[in-house]
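A.B. asks: Look at TrEMBL and you will find 143-168, 189-213, 219-239, 246-267, 279-301, 327-346, 382-402 tagged as transmembrane segment.
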Amino acid sequence: MDSMLIGSFPRPCSSYVSSDDWRTVKFKLGHSPSSYVPVQISRNGAGRSYTVSFQQHLTKHHVRGIQEGCTFYKRWNTKCVVNAASGQPLESEPGASSPKSTLTPVKNALGAFYRFSRPHTVIGTALSIISVSLLAVEKLSDFSPLFFTGVLEAVVAALLMNIYIVGLNQISDIEIDKVNKPYLPLASGEYSVGTGVGIVTSFAFMSFLVGWIVGSWPLFWALFVSFVLGTAYSIDLPLLRWKRFALVAAMCILAVRAVIVQIAFYMHVQTFVYGRPAVFSRPLIFATAFMSFFSVVIALFKDIPDIEGDRIFGIRSFSVRLGQKRVFWICILLLQMAYGAAVSVGATSSCLWSKLVTVLGHAVLASILWTRAKSVDLKSKAAITSFYMFIWQLFYAEYFLIPLVR
């Protein structure tokens, strides 16, 4: 009987009338086109359960089916628990849940962490370490499991520290980010301050733990200096929060992105992985000098789209002090100077293939930069932000060229 009744009573049809206190749906009782019975569903209590009652204008040929179905309706009424606030139609199988609804919280959590980690900085950190590690490679046999293990250890430790630094900056800038970057998890309220503190604390601990387990002094010092400068840059304590001072803030970014990344991670592979003496090679000096320009540009440019919030909260960035347009063209000039120097270095290389690749590569990047810069609408925050991400793409591209400098 139950199986027959269930076959005779499918889900309520999608066309129903609803109000705050009741809904009317229709159930099909038979096979004829006219055999539909109106059913009124009224809400009890706080909107958590419903009572099913039948309208009295039933035709005679439906009465028997209704009587036989009473047991079914009582059971359906007991099991049917619906969130009235959702406004969704009632389901005959309330216990069922779709895979999509189950995966949604996971997707939201991953999306929030993705934004929290500031992925453009994560990509830049990983590429830079791999690139400068390749500078220590002298012959084909250097590509050994030892090399790949050493690079992987450095990348993992550095990425953990990277997330600590960008996360701490977000914790310290919640009110500013509500104006400048409202999509970030702390500014939007997706993360509580406690959640943010827990993430950055655990990632800093894991970073130092990896460095200690590996046992490489260049790697450990790279992590330690990055930790100190990243903390001093962001945290709001007396004599700290160096991001308030434009020149000091730029020097912090330059020290990490240009000096520590190039020298410390190169020495990690050169001295710890390969066991060779420390040598400041020509490509290493070039990489450090070039990335010094690039790091200053990133330090200056990142504040151009954030000028509104920085001005409100007293962050005296160069963009606030000099104006967006002037800082924008200073950044373009610095990068063009860096590309010009890179072309000169490439032209003096004794290796023909290195000369061709570095000269042509940097010339092409300089041309693309200049063409793109002339088309930027400096009155549009979206356009400036897009160009800032383009600067990061140039940053990534440079790390593909650096290992080819010989």
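Using N, Cα and C of the backbone, Cβ positions are placed for all residues, glycine too.
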A.B. asks: Which stretch from 189-213, 219-239, 246-267, 279-301, 327-346 shares the most C-beta pairs under 8 Å with the transmembrane segment (382-402)?
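C.D. replies: Out of the listed stretches, 279-301 contacts the transmembrane segment (382-402) most.
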A.B. asks: For the transmembrane segment (189-213), which stretch among 219-239, 246-267, 279-301 has the most Cβ pairs under 8 A?
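C.D. replies: By Cβ pairs under 8 Å, 219-239 leads among 219-239, 246-267, 279-301.
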A.B. asks: As a test: from 219-239, 246-267, 327-346, pick the stretch that has the greatest number of Cβ pairs under 8 Å with the transmembrane segment (279-301).
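C.D. replies: Answer is 246-267, with the largest number of Cβ pairs below 8 Å.
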